[in-house]
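Some features that Swiss-Prot has for this protein:
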- 19-28, 110, 137-138, 214, 252, 365: substrate binding site (BINDING)
- 174: active site (ACT_SITE)
- 250: active site (ACT_SITE)
- 371: active site, nucleophile (ACT_SITE)
């Protein structure tokens with residue numbers, strides 16, 4: 001049976017703004033309080049989805065969250081009608097309202113960790129929604145994420161859904177942004193690679209000093225247990241605390257993997273050689289051969305990697321066995337990064353081509369191509385069981401671009417978030433979206 005890896009990209013929500021909410025994410029903080037363009041952001045994301053579909057890749061779409069999060073504001077003590085709740089929050093605690101309007105769910109690499117059926121004990125695809133407990137604006141996402149994923153992957157014969165881990169620092173979980181799977185073929189057993197920033201309970205592991213390490217070893221181990229992964233099919237590796245302190249808040253900012261290839265910066269990991277040996281050995285036992293591409297710090301600094309989001313790229317397998325690297329245009333604008341990429345494709349490397357995309361609206365908020373997608377490896381039977389409404393087609397692309405043009409504003413600043421009309425605009429848009437994507441009732445306003 002054939003298998004493929006499907007990229008489900010996050011659709012940017014109508015409240016996209018530059019709130020500067022993510023301490024440790026350099027781009028997010030440096031662009032704080034600039035005016036954003038939600039319409040342009042959503043269209044840029046859709047253009048990437050359409051382009052990959054046109055290249056022959058199976059492409060899906062993941063719906064945004066309901067924002068402003070009125071129910072969350074009510075839990076924090078604001079009362080009255082929905083409009084009054086927003087008005088009071090704007091008057092009494094504007095930073096909280098900004099957090100409650102975040103469109104950060106667009107970065108669906110943080111939505112969940114996914115293990116394909118070839119790796120799991122029960123032969124189903126497993127999903128665990130990430131608790132994202134490091135930041136309030138992201139910690140409120142997982143209940144809706146769980147419902148949306150449940151509506152997309154509804155057949156319990158093929159798909160298993162786990163609730164988020166306990167929302168405490170010891171089990172901080174950031175989803176697939178710290179998880180990669182290596183395999184010879186998507187339908188064969190592989191090795192799942194979990195990267196953590198610190199250990200909650202074992203003081204032998206170092207930790208960053210400036211910025212928080214968002215993923216714990218304990219969370220990664222818990223997800224592996226929930227998914228029924230064997231020890232022989234899992235490798236845990238610690239991210240270098242020094243690069244976290246330079247703005248590498250997730251592993252997908254400093255490394256990317258696909259198939260048998262790990263593309264990483266020289267400073268990405270602690271204890272790199274033992275990690276590579278374990279990965280090479282375990283992948284070899286399931287018929288694979290690891291190809292590690294190390295980018296030397298002498299050619300690309302960590303600072304340039306973070307500025308350009310070189311590693312927050314998509315590494316995609318083409319039918320001929322070569323790979324395509326999808327990068328943001330910031331890579332082209334960075335001389336050392338672009339020079340390195342030209343050498344990479346000229347050398348005898350698996351990466352045969354680099355394609356550049358304009359994702360400026362997302363990039364300025366701290367998310368590149370890899371942040372915007374959740375990878376799900378599926379065989380033909382499982383793919384047929386996915387809700388067909390979320391698989392990108394030319395007609396769906398046209399429908400969604402028209403939907404964005406109808407409902408999204410072209411400017412969003414902090415003061416706009418207090419506009420009581422924004423709530424009704426967003427709910428009208430999302431109600432229509434659930435019909436377009438055939439999701440049913442997934443949003444709080446639809447369930448109440």
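Cβ coordinates are placed from backbone N, Cα and C, and glycine is handled just like the others.
Sequence-distant neighbours of residue 174 (active site) (same chain, 6+ residues apart, CB-CB distance under 8 A): 110, 130, 132, 134, 214, 215, 250. Counted within 10 Å of its Cβ, the other Cβ atoms near residue 110 (substrate binding site) come to 29, all protein chains included. The CA atom of residue 252 (substrate binding site) is located 8 Å away from the CA atom of the residue listed as 'active site, nucleophile'. The Cβ of residue 138 (substrate binding site) has 102, 104, 105, 110, 132 as same-chain neighbours under 8 Å, each 6 or more residues away in sequence. The DSSP secondary structure for the residue listed as 'active site, nucleophile' is coil.
Here the Cα atom of residue 371 (active site, nucleophile) is found 18 Å from that of residue 19 (substrate binding site).
DSSP gives residue 110 (substrate binding site) a helix state. A 10 Å cutoff on Cβ-Cβ distances gives residue 250 (active site) a total of 28 other Cβ atoms nearby, all chains included.
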